[in-house]
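Novice: TrEMBL feature annotations, pasted as is:
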- B:8-17: compositional bias 'Basic residues' (COMPBIAS)
- B:72-188: domain 'Acyl-CoA dehydrogenase/oxidase N-terminal' (DOMAIN)
- B:192-292: domain 'Acyl-CoA oxidase/dehydrogenase middle' (DOMAIN)
- B:305-452: domain 'Acyl-CoA dehydrogenase/oxidase C-terminal' (DOMAIN)
- B:505-623: domain 'ACAD9/ACADV-like C-terminal' (DOMAIN)
- B:1-24: region 'Disordered' (REGION)
Amino acid sequence: MRLSWVRALPRGLWGSPGVPELCRSLCQRPARAPTERGDTAGTPKPRGPQRRHPTEGDTARGDTPRGDGDTARGDTPRGDGDTARGAASAWHRHFQEIRDKERGPEPRDHRRGHLGGDTSWGGTSRGDTFRDDTFKGDTSSSPPPHHRSHQHHDDSHQQDPRDGDPSEPGSPRRGPAAFEAALRAMERWPPGRGGRLALVEAALAAMEALGVERSVAAYNALLRLLPRGPWVPRGPVQRLLFPFPRQQECGLQLLEQMERYGVIPDAETRFLLLGVFGPRSRPLRKVQRMMFWLPRFRHLDPHPLPPQPTRPGLAAARLGLHRMAGDPGATVTVIQPPVPDTGDDEGSVQPYIVSSQSPEQRELLAQHDPARAVFVEGPFPLWLRGTLLKYFVLRGDPLPPHLRDPPPDPERSFYFPLELQLELERGPWDDEEFDVDEVEEGPVFALCVPGAGDRRTLARWISALQEQNPILGRAPVVFRLNEGGADPREGPQTPRLGTGTPPGAGLEPPEEGERGGEPRKNNGE
Amino acid sequence: MAVASPSRARHGQHGRSTKPSEGRAAWWRCCRAERGTGGRAAVPPSRARDRRHKQEFFPYPEISNEELAEINEFVGPVEKFFNEEVDSKKIDQDAKIPPETLQGLKDLGLFGIYCTPILLYLKWICLGGRGGLGLSNTMYARLGEITSLDGSIAVTLAAHQAIGLKGILIAGTEEQKAKYLPRLASGEHIAAFCLTEPGSGSDAASIQTRATLSEDGKHFLLNGSKVWISNGGLASIFTVFARTEVVDKDGQVKDKITAFIVERDFGGVTHGKPEDKLGIRGSNTCEVHFENTKVPIENVIGEVGGGFKVAMNILNSGRFSMGSASAGMIKKLIELTSEYACTRKQFNKKLSQFGLIQEKFCLMAVKAYVMESMAYLTAGMMDRPGFPDCSVEAAMVKVFSSEGAWACVSEALQILGGLGYMKDYPYERYLRDTRILLIFEGTNEILRMYIALTGMQHAGKILTEKIKYKGNMGVALGEFLTRLQDTLGRKVDLGLIGDRGVVHPSLQESAKKLEENVYYFGSTVRGLLSRFGKTIVEEQLVLKRVADVVINLYAMTAAISRASRSISIGLRNHDHEVLLTNIFCTEAYFKNNYAMAQLEKYADENLDDSIKKAAKQILEKRAYICSHPLDKTF
């Protein structure tokens, strides 16, 4: 048993503050296990892969600041660190570019810090969001050397900000096929050239961009990149002493990402983790808990969104309206498509208008007193996962109390009395209503998600509603825009048509008086 | 015969109320007599009044020998006709009553049974009119027993006279009666009742048919369409309800419902093709459209804008006959199935020797007995002079008998096994025909609300009067004392049994149960009213239980009253009647106790909350939302 050396330690050490570091350094010593595949056998060099190259060294320092004298020996491995850098960081960068392009420079996923914190080359790829790479083209060739990675930044696939959803089917840049191709290429890289942890981390960050963040098979494939055996603690004491922290952190990070996306690990995930980290290790504990809880939480959301993230556009607008207007009888209509089908403007771009109105709302609107105004209010924010939509409501003022509850008609029900003539009220024990201070709100007559929030678009919406609600022609329509919910940073500006989040409409000076009910002449139709 | 005797009158009774609306809910008057305990100081007790309540149910109403002879004389040929000439199977298959059968019914005078008031009868004779027999409600109930052997004919007749011409009968002017009733009573003209519309069932506000006054002020122009009109294709006289503009007292123009007599000859009346139905296939049900039909102003029933009351009265008065009709059908079924059960052998034993089969026969007999008792008790009460309002009782009869009939037919089919399912035999037709009973003339759910709310309204008035009179503290104290007494065990005695009782001693166990139930029901209702007040209208689950208890109480009363009379005058097989009554009363007693125990609980304890919640979740998704048992999450 390898425990014998413990006895040699001075007694005072067990309690001293230096112990954890010592233990950690001891445990991270080469735990070379005789493994069957050269691929894994070669990986763990006496130094952990994180100590190989300076960038990773940085991260290691960032994560475990009390690393085992990394700074002291920082220079020594630099020689072979170069090759490792060429290997790992090319892919690394590759993944990162993919991610950056999709995501923009938000640091949301930079949980480990080393991807975002690595400023040596991060600046080149971050920021120029229009750069794209032919990912698939790479995959057939050998792993790209350092200089080639820039070569692939061609502008041919420049992402058009106007097209609503860049993930057209068969796109080479996204999807499980692209991811698999990348992994295959990675496997071809000479084994043992290290950087596996960094690779996995980079790949994790890029998964969303590749569109595989919800596939358990992708995570399993990533786990297969990790060596089986060498990170398994060798005995009870090593297991006790927080073994292979950085490696295990990597496994945990992978699991956390799965958790974040609601991916339920399967038996294979557990099996792979078992091979990599051994039984009762932290990743294994976590995966077991996840396998216990995640299936139970899977259907927790009573109003689930579709698994694929929605991009702002017609589909998202429909989805948002369906979610907001819960009435199954509500009809969601596209009043104005983003691209007109007919007419002179065919092919041009105009803001879409999607409207929702239920029969009940129509009835309410029909009962509205035309002498009193109806209001178009908005924009209000609506988040569908990460997508922000802006919606507008058509509403009336709260009814005056004497109109709210019309006196019950005694000649209403042929068969039974609808009310009793009693002076007895409900007793306190059967009063199940909570004491709630209710905010008085007027009825909402219709909802709309337009492509642009300017008055012209909204007026078009109102005039389209008028077909089914003739009362809108008689009642004054007042536009109360940019109150409550509009982003104050967005001033009045020309709408970017059809893309992105519709900007909050500025409170424009009234164009043609306050009556917006009439169809406009110059609305481009 | 049990003699109606003055009660102990230890129960307080509130002051005489003179409003005619209080004439309804006779049963409630009985209940509330008991509820007034402890109110002696509050309201002067009235022995006479208390006795009157009991007198409404005890003794069981009787008819004179002459009337009985008259009825029997009339029933004989009808029974013969139904047994020999009516081919129910063919009617069901062809979905049409053949004209010769229809003519036979007319010849028998069945289309005019219900032209009740004797005065009218005499008048027709004076007018030289032919037709109407002018028989009583009892007679109508008796004939319903026979006509129910064929559901289609029963519905055709009921649609003609129970609702079709009833409007003219109860609210028409003398001219209208003289003009229309003779020909309707003779069957020359058939009547139909047009209320239901595509968007309007029991809600008067959604009636769309409109009648507009012509410029000369002599005609109404009727426009609109009605659906599911029984006899719609056969009828030549329609009672139509339509919206008219009426100037209010305060000068506002309002839409109100008005009833019209519309002849087919007025023009513009069309009907759709007969609907294909599950049961009562021979009856004619179709859409009726009115297009600029010119209705003279004399043909308004009642007054312009008074159609709502007319409709309510028509609907409320016609229901009691369903009790006797269902009983007649069940009696026939018992004959048919017992024949089968006594001949078919399994395991060397006749079916009739198996306990589970015997149970079914007992159930059928009990139900038939009770609904018959209820129907004739109600008919007898309605035949009393002074047009007593028995709409609550009629509704109770309807609910009890329709549900009983459905249960009995189902049990009969169960006895017959696979045989009952075959089209070669009449049983499946009975099953199909019976299903409509739960639905038409006001669905049972709606009628339960009617029964419970009408009673609650009445009970609530008494309670509020008491509170007004005594002040809150007094009532609270009285309530507390009563409760205390109840928990310590109160001996309930309402004077049904004992020395001066009205019930035969061999039924005293049942009568005691009835008394106990009535007493505790009184306190339950009082509790409900003080808990919910007027918001009880919203508590439909509570009201349903209340209605169930009331129906059971009325059924128990009717059965005890009838059995008591049978023993007293020594009718044949009266011991069997006692047996059936005791069986029913014991069962109903336990059911009532269960319902009342639930009523005393709060919504989270008696499952009401959970029931509502489950329904809400289902209706939100408009689907059954449970996962499939084979579904997995991992």
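Heads up, the Cβ atoms here are built off N, Cα and C, so glycines get one too.
On this model, are these features tucked inside or out on the surface, and what's nearby?
Specialist: Confidence over the domain 'Acyl-CoA dehydrogenase/oxidase N-terminal' (B:72-188), given as mean pLDDT on the 0 to 100 scale, stands at 79.
Under DSSP, residues within the domain 'ACAD9/ACADV-like C-terminal' (B:505-623) fall into helix, strand and coil as 105 helix, 0 strand, 14 coil.
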Novice: On the DSSP side of things, how many residues of the domain 'Acyl-CoA dehydrogenase/oxidase N-terminal' (B:72-188) fall into helix, strand and coil, could you say?
Specialist: 85 helix, 0 strand, 32 coil
Novice: Could you count the residues of the domain 'Acyl-CoA dehydrogenase/oxidase C-terminal' (B:305-452) that DSSP puts in helix, in strand and in coil?
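Specialist: With helix first, then strand, then coil, the domain 'Acyl-CoA dehydrogenase/oxidase C-terminal' (B:305-452) has 118 helix, 4 strand, 26 coil.
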